[in-house]
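What TrEMBL says about this protein:
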DOMAIN    23-239  domain 'Nucleoside phosphorylase'
BINDING   Ser29, His60, Arg80, Phe81, His82, Ala112, Ser216  phosphate binding site
BINDING   Glu197, Asn239  purine D-ribonucleoside binding site
Amino acid sequence: FTYEDYQNTAKWLLSHTKHRPQVAVICGSGLGGLSDKLTQAQIFDYSEIPNFPKSTVPGHAGRLVFGILNGRGCVMMQGRFHMYEGYPLWKVTFPVRVFQLLGVDTLVVTNAAGGLNPRFEVGDIMLIRDHINLPGFCGENPLRGPNDERFGVRFPAMSDAYDRDMRQKAHSIWKQMGEQRELQEGTYVMVAGPTFETVAECRLLQKLGADAVGMSTVPEVIVAKHCGLRVFGFSLITN
């Protein structure tokens, strides 16, 4: 995609909605219901939006939902895109750059993940503190190729990809809610999929320091940081 492609998509959305989002949320598998919390909701199918990829995964509705959440403009993706669908990473991450051009300053990424940390239980929520970009070890990075300085620098740092202040606030809110289950925090590792990990692979990923494993999220976070967005992420441990 060219810079003009991103601009054209952003302009189309701005001309079709009155909402001006500050926060974008990418809803992971089975988490599309998060958008039910939005008021004054306005919904677009991905197929309506110029240049937008199509979601092909069950549990991903393929809709962009604009609305208001706690007084702030918000846009939510009901369904993301994955490497295993056959999409290159520059297409997987297309929406993130569009969000930045819409005026979004904060990206929330969610996913359903497998627990690698033996302390984790099914149903736990893990705040993402850091990630391991396993496909990146093999050259699969969404920033590969010519860099567009209008989005960000050639070599962005990833050492602080996930906002510390937002994680601390999440822990405070969790305590105020009086939840009995512990709010977890850890490192998410991305694999390409679509096959699930073997037992030996899980042992290897544990030794690398990963607490949860999944097939998404990391490319979007890389592009978000490249664009200068704050990032908050969490995984729902499903197995």
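Placed from the backbone N, Cα and C atoms, the Cβ positions cover glycine too.
Any TrEMBL annotation is an automated prediction that lacks curation.
For Phe81 (phosphate binding site), the same-chain residues lying six or more positions away in sequence with a CB closer than 8 A to its CB are Pro53, Ser55, Tyr87, Lys91, Val92, Phe94. Fewest Cβ neighbours within 10 Å among the binding-site residues Arg80, His82: this applies to His82. Long-range Cβ contacts of Glu197 (purine D-ribonucleoside binding site) within its own chain (separation 6+, distance under 8 Å): Gly114, Val191, Leu205, Val213. The binding-site residues under consideration are Ser29, Asn239. Their Cβ neighbour counts within 10 Å are lowest for Asn239. The most densely surrounded of the binding-site residues Ala112, Ser216 is Ser216 (count of other Cβ atoms within 10 A of its Cβ). Asn239 (purine D-ribonucleoside binding site) is 20 Å away from His82 (phosphate binding site) when you measure Cα to Cα.
The two recorded residues Ser216 (phosphate binding site) and Asn239 (purine D-ribonucleoside binding site) have their Cα atoms spaced 16 Å from each other. Across the domain 'Nucleoside phosphorylase' (23-239), mean pLDDT in this model comes to 94.
Taking Ser29, Arg80, Ala112 as the binding-site residues under consideration, the smallest Cα distance to Asn239 (purine D-ribonucleoside binding site) is found for Ala112.
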